[in-house]
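Heads up: the structure comes next, in structure tokens.
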Amino acid sequence: MNIGIDKIGFYTPHLYVDMNQLAVARNVEPEKFTIGIGQEKMAIPPITQDSVTLAANAALDILDDRDKEQIDFVIFGTESGIDHSKSAGVYVHELLDLNPNARSIEVKQACYGATAAIQMAKGHIALNPESKVLVLGADIARYGLNTGGESTQGAGAVAMIISADPKVMILEEKSTYLTKDIMDFWRPVYSDRAFVDGKFSNEQYISFFQEVWKQYKEQTGRNLEDFEAICFHLPYTKMGLKALRTVLAETTEDVQERLTSNYKISTKYNRIVGNIYTGSLYLSFLSLLELKEDLQDGSRIGLFSYGSGAVGEFFTGILQNNYRDHLYVQQHNQLFEERKEVSVDEYEAIFGNTLPTDGSNIELDVTNDPAAICVSGITEHMRQYVNKRR
Ligand code: COA
């Protein structure tokens, strides 16, 4: 049975800060951010967006009535969830009016969460070919003002329907994966900001990629020539390139050129959004699909997923006939076009304006947020949400 990605949607908040402006404010050369890190714009989530609303907004326009009926499993990958007990999947299930006869859960392993969700979804579809699974990867990447990781923040979500006979890409069976207990990035339960050993995380990312790629080659006999493009988890757009470059010598100049050029296209959306943690790999995949108009049906795409802590996986897919007809290019263009730039001062104010954690109630004004689904407040420790389309 062919199982894979049937639809793929995306959402990012309506505000961003220009990395050149951030560089000036932080007294670093703008080229460090735009070339060294490889980021142009960083999405800024207003107080009315959290991981639940980002995910629900990403899924809202890709689901038709049949999908809503057939989805019987919602798997939400996130590392910026809102509750230690109740899953973010249950909130999204309600906000999108999905069939009550569904399972809804949250999975976590840093930026690997959405990949874990996809692999679980594959297993579920293999046992239940008629069903569909809604996989969500949503996060707010938050390191703190004036920190080493600040230039690699961002916010956004990717939503995918996984099904049999998918319209966009089938996922091939073979994948290679690896777990090692390391402390390169983590967020203790008492902290709203991540801790990171930046240089170590870069090294581990590359080492995980090399190891799973080596195992993949040994187990399948395939080589770089077999791939039209390889998409990477992108905490910032230079990261995947560093990993890709370590294996390019294995192949011919033509293939090197193809993979490098397609890598560039696969980073364009991430360059103007920033890090969305577990959705980042899929945002990169979306960038390749939507922006490389001559990408052929039948192409094999490699995907490298990495979640600090750490778990890595290399897996692959084959683009389906007329896959382009099933993308949401126009909607995503519009989303980007309608975004509004904020100054560094405004970004800092938004960053500091967080929801109360002392048990007090709050009612939020959602009229300034163009998103259909927003956080509207907190009542008696319960987050309140609104779907304006209802
Ligand atoms: N023009 C062009 N490039 C410049 C530059 C300039 N004026 N100034 C610096 N750079 C380059 C550096 O040479 C470096 O490139 P390289 O990595 O290819 O050598 C890059 O910009 C970053 O500079 P660096 O001094 O290493 O940055 P940093 O100490 O501020 O840390 C991170 C960068 C990514 C480690 C940090 O942002 C971080 O910790 N991020 C969060 C963790 C993360 O994303 N990890 C990834 C794996 S999950």
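Numbering starts at 1 and runs along the chain as displayed.
Glycine too: its Cβ is placed from the backbone N, Cα and C atoms.
Every protein chain shown contributes to the tally, and the Cβ of E79 (active site, proton donor/acceptor) ends up with 25 other Cβ atoms within 10 Å. Annotation note: E79 (active site, proton donor/acceptor) sits in a coil segment as assigned by DSSP. Residues or ranges marked as active site, proton donor/acceptor by TrEMBL: E79 (among others).
Residues annotated as active site, acyl-thioester intermediate in TrEMBL: C111. C111 (active site, acyl-thioester intermediate) carries a strand DSSP state (E or B). Over all protein chains present, the Cβ of C111 (active site, acyl-thioester intermediate) has 30 other Cβ atoms lying within 10 Å.
Look at TrEMBL and you will find H233 (among others) tagged as active site, proton donor/acceptor. The Cβ neighbour count for H233 (active site, proton donor/acceptor), using a 10 Å radius over every protein chain in view, is 33. When secondary structure is read from DSSP and collapsed to three states, H233 (active site, proton donor/acceptor) falls in the coil class.
Residues or ranges marked as (3S)-3-hydroxy-3-methylglutaryl-CoA binding site by TrEMBL: Y143, K242, N275. Counting only same-chain residues at least 6 apart in sequence, those with a Cβ under 8 Å from the Cβ of N275 ((3S)-3-hydroxy-3-methylglutaryl-CoA binding site) are D139, A141, T152, Q153, G154, L234, P235, Y236.
A coil conformation is recorded for G148 (substrate binding site) in the three-state DSSP classification, outside any helix or strand. The local packing around G148 (substrate binding site), expressed as other Cβ atoms within 10 Å of its Cβ over all shown chains, amounts to 12. For G148, the entry in TrEMBL reads substrate binding site.
Per TrEMBL, the feature domain 'Hydroxymethylglutaryl-coenzyme A synthase N-terminal' maps to 2-165.
If you look up TrEMBL, you'll see 176-248 (among others) marked as domain 'Hydroxymethylglutaryl-coenzyme A synthase C-terminal'. In the predicted structure, the domain 'Hydroxymethylglutaryl-coenzyme A synthase C-terminal' (176-248) carries a mean pLDDT of 97.
The feature domain 'Hydroxymethylglutaryl-coenzyme A synthase C-terminal' is assigned by TrEMBL to 256-350 (among others).
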Filter the active-site residues E79, C111, H233 down to the ones within 10 angstroms of Y143 ((3S)-3-hydroxy-3-methylglutaryl-CoA binding site), Cα to Cα, kept in sequence order. none
For C111 (active site, acyl-thioester intermediate) and E79 (active site, proton donor/acceptor), what Cα-Cα distance in Å is obtained after rounding to a whole number? 7
Rounded Cα distance in angstrom between E79 (active site, proton donor/acceptor) and H233 (active site, proton donor/acceptor) is 15
Residues satisfying Cβ distance under 8 Å from K242 ((3S)-3-hydroxy-3-methylglutaryl-CoA binding site), sequence separation of at least 6: N202, I206
Counting every protein chain present, what is the number of Cβ atoms, excluding its own, within 10 Å of the Cβ of Y143 ((3S)-3-hydroxy-3-methylglutaryl-CoA binding site)? 19
